[in-house]
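Comments concern the structure below.
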Amino acid sequence: MTLTTSDKAAVLADALPWLTALNDKIVVVKYGGNAMTDDRLKAAFAADMVFLRNCGIHPVVVHGGGPQISAMLKKLGIAGDFKGGFRVTTPEVLDVARMVLFGQVGRELVNLINAYGPYAVGITGEDAHLFTAVRRTVMVDGVATDIGLVGDVERVNTDAVLDLIDAGRIPVVSTIAPDTDGLVYNINADTAAAALAEALSAEKLLMLTDVEGLYTRWPDRDSLVSQIDSDALAELLPTLEAGMVPKIEACLRAIDGGVPSAHVIDGRVEHCVLVELFTDEGAGTKVVQST
């Protein structure tokens with residue numbers, strides 16, 4: 001479908017209330033899933049970030065790299081495993097994750113954004129003490145299970161990110177971080193995005209996924225919800241697929257930490273960030289605090 005000039009003007013005018021509401025606000029976006037592997041979607045995501053920045057909104061990108069890490073592990077002949085939705089991280093796996101996240105995935109996204117101008121700067125959780133990690137376990141069949149060098153975020157130092165925002169840059173964050181003793185951990189990008197959104201007092205947290213949003217009775221396609229409150233979401237958590245658990249935990253953490261809304265959106269939709277932020281229909285599920 002080709003839009004007329006009037007149609008294009010109407011689209012821009014319709015976005016005005018959302019643009020006004022988000023002006024000078026921080027939006028943390030967790031970049032992952034198919035949006036990271038499809039060239040068309042990667043280009044659209046980069047354009048979305050530049051659009052937000054040039055509309056007076058402050059995007060902060062936190063990226064994963066699961067498919068790329070898995071591909072590199074396979075190429076190197078290193079076994080990989082997941083438990084409770086989290087990657088089991090041995091020292092060998094950590095070395096690969098560190099290399100892939102900052103040197104490949106983050107660098108590619110920075111370059112895509114910077115095709116529009118000198119906007120993006122890549123940093124890791126190790127830089128300027130951005131994240132301080134603490135070792136974590138996950139629940140598997142009701143049992144706390146060790147998953148190696150996987151951390152949670154114990155502290156966030158937002159100084160470096162705020163300096164980049166003040167300079168008009170788009171921070172692109174890789175989620176490798178040390179603990180207080182200097183031991184380095186792989187932090188799930190969903191977890192890191194939520195902690196950073198809370199620490200930055202972000203207006204929104206957006207989580208890109210490979211599904212249309214949140215299903216309350218998966219795989220029943222009719223159970224897709226456009227909005228849910230945090231109490232109802234917490235009740236659903238034990239019933240969710242393992243891969244969705246870190247994302248929903250992240251949404252709840254952000255909401256409990258004062259972020260007004262968290263959004264689980266379909267990263268397979270071109271320009272999904274703009275669709276979610278600036279249209280009534282959206283591109284996923286919005287999570288809000290219970291009243």
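Quick reminder: no glycine exception, Cβ is built from N, Cα and C everywhere.
Computed from a predicted structure; not experimentally measured.
Copied from Swiss-Prot, the annotated features are:
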| type | residues | note |
| --- | --- | --- |
| SITE | K30 | site 'Transition state stabilizer' |
| BINDING | G65, G66, R87, N186 | substrate binding site |
| SITE | K247 | site 'Transition state stabilizer' |
- prompt: Fewest other CB within 10 angstroms, which one of the recorded positions K30, R87?
  reply: R87
Tertiary neighbours of N186 (substrate binding site) (same chain, Cβ under 8 Å, six or more apart): R87, T89, V93, L94, A97, R98, L149, V150, G151, T175, I176
- request: Sorry to bug you, but what's the C-alpha spacing from G65 (substrate binding site) to K30 (site 'Transition state stabilizer'), rounded to the closest Å?
  value: 11
- prompt: By the DSSP assignment reduced to helix, strand and coil, which category contains R87 (substrate binding site)?
  reply: strand
- line: recorded positions considered: G65, G66, K247; fewest surrounding Cβ atoms within 10 Å belongs to G66
- request: List nothing but the largest Cα to Cα distance in Å, as a whole number, among the residues G65, G66, R87, N186 that the record says bind substrate.
  value: 11
Message: DSSP secondary structure for K30 (site 'Transition state stabilizer'), reduced to helix/strand/coil, please.
response: strand
- prompt: When you average the Cβ positions of G65, G66, R87, N186 for the substrate site, which other residues in that chain have a Cβ within 8 Å of that mean position?
  reply: G64, I69, S70, T89, A97, L101, N188, A189
Task: Compute the C-alpha separation of G65 (substrate binding site) from K247 (site 'Transition state stabilizer'), stating it in Å without decimals.
output: 15
